[in-house]
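Here is what Swiss-Prot records for this protein:
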type	residues	note
ACT_SITE	LYS168	active site, proton acceptor
ACT_SITE	HIS286	active site, proton acceptor
BINDING	ASN116, THR166, LYS170, ARG287, HIS319, SER371	substrate binding site
BINDING	LYS194, ASP196, GLU197	Mg(2+) binding site
MOD_RES	LYS194	N6-carboxylysine
SITE	LYS326	site 'Transition state stabilizer'
Amino acid sequence: MADRWNAGVIPYAEMGYWQPDYEPKDTDILCAFRITPQDGVPPEEAGAAVAGESSTATWTVVWTDRLTTFEHYQAKCYKVDPVPNTPGQWIAYIAYDIDLFEEASIANLTSSIIGNVFGFKPLKALRLEDMRIPTHYVKTFQGPAHGIVMEREHLGKFGRPILGATTKPKLGLSARNYGRVVYEALRGGLDFTKDDENINSQPFMRWRDRFLFCMEAVNRAQAATGEIKGHYLNVTAGTMEEMYERANFAAELGSVIVMIDLTIGYTAIQSMAKWARDNNVILHLHRAGHGTYTRQKNHGVSFRVISKWMRLAGVDHIHAGTVVGKLEGDPMTTAGFYDTLRKDSIKADLSKGLYFDQEWASMPGVMPVASGGIHAGQMHQLIHYLGEDVILQFGGGTIGHPMGIAAGAEANRVALEAMIKARNEGVDYYKEGPEILKKAASRNRALDTALATWGDITFNYESTDTPDVVATPTNA
């Protein structure tokens, strides 16, 4: 073994970044990386390289390490396990001392953990599968601007999922016609409607016009139904100043909720979360762009990690998968996402892709959003897989209804209430779901038409991101 202080290049494992006897501290930030080393690179060296390059190391020995307590600041790869049934891949467990990170900064956390290692030549591929964020670090963050409980109290809606829809077509409508869609959907029975991720302020519909017509629709629908309604006004823009201007205008109009896209960046998300809490406005996050780095199983960042970062950052909603819809969503993996967002205390469960216990230290939960290819005929499956604290967004499943938008909203509301009633009466609603829907449809033409239109539509493709311990393709 080379002397740690010999000039030149020394293997990372021999510089202290591989420590199989290390016992992680309660205050350490722990990471589970899926590593695919280049041929001839031992997994221990690959894990040590990730630890080194994401903490204190560079490619050669530097004498200035002696000016620090380098053993304290070095990340330590303390375990490397082979991935079951996947030759050439390992899970490397790495511990980082809490002193390596600035308090309450997702930008600093991510710059360290994922900032410089994903293009590292000794690795063919690298994926951050999970993190354990210690209570000591969790408590430095604001967390969700409101959280699940406060949102329900704000809206006065309890005991069932929240219903929503994305306005379609998402591009091309004038502001007036856009507002008409919002009104019909809310009047028909939905709780929320929303802008989609790429509606900002385009030539066909400027943001101020959209906000005015949407809030007119919200107010009229509230007056007609006696229920609190909302429309996710997307305030995403090119600068923080412009986002604040749009958000402030939304608040002045009385909107209960605004929306941002994941693409605005972590610091902007935290800034908007602070604004949302200060202004008593719910904050919805669309996970636009996440699939570019979360979907592939061997390289990138798992969405369960993004879920943890966004809970810390302070959003109230985030899209988290449907299981039965058109987008990627293995049942067990999706359950892990939902647990991460909603639960106060989470136990490691490899069947859900959860590598660590996680304590949230009373930080409020984030309301998951299920959207993309779902319809009223799947209501029993959605409640079974996703539970009660979820927002179910039926965009095409509302606006594509043959009888019109209001009828589409009515069909979804009737299906939901029939399923919740059956659940509350002790009926096995998952097993009896089709019969429950059929019975409800016999008394409601809108639901009957929805079932006739979409009843046989499914998206049963095998998921790319499944837990390694069990083979669980999407199966609805």
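Placed from the backbone N, Cα and C atoms, the Cβ positions cover glycine too.
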Near HIS319 (substrate binding site), meaning Cα within 10 Å, which of ASP196, GLU197, HIS286 (recorded positions)? HIS286
Please list residues from the chain of HIS286 (active site, proton acceptor) whose Cβ is under 8 angstroms from its Cβ, counting only those at least six apart in sequence. ASP196, GLU197, ASN234, MET259, ILE260, ASP261, LEU262, HIS319
Count, for each of the binding-site residues ASN116, THR166, the other C-beta atoms lying within 10 angstroms of its own C-beta, and report the residue with the smallest count. ASN116
Measuring Cα to Cα, tell me the gap between SER371 (substrate binding site) and LYS194 (Mg(2+) binding site) in whole angstrom. 11
Over the residue list ASN116, THR166, LYS170, ARG287, HIS319, SER371, recorded for substrate, what is the maximum interresidue Cα distance in Å? 37
Cα within 10 Å of LYS194 (Mg(2+) binding site) - qualifying binding-site residues among ASN116, THR166, ARG287: THR166
For ARG287 (substrate binding site), what residues in its own chain, 6 or more apart in sequence, show a Cβ-Cβ distance under 8 Å? LEU262, PHE303, ILE306, ILE318, HIS319, ALA320
Is it possible to get the count of other C-beta atoms within 10 angstroms of the C-beta of LYS170 (substrate binding site)? 15
Show, in sequence order, which residues other than LYS194, ASP196, GLU197 on the same chain lie with their Cβ within 8 Å of the centre of the Cβ atoms of the Mg(2+) site. THR166, THR167, LYS170, ASP195, ASN198, ILE199, TYR232, ASN234, MET259, HIS286
Around LYS168 (active site, proton acceptor), which residues of its chain at least 6 apart sit with Cβ under 8 Å of its Cβ? VAL181, GLY395, GLY396, ILE399, GLY400
Looking only at DSSP and grouping its letters into three states, which state does SER371 (substrate binding site) belong to? strand
Number of Cβ atoms other than its own within 10 Å, given for GLU197 (Mg(2+) binding site): 20
THR166 (substrate binding site) - helix vs strand vs coil (DSSP): strand
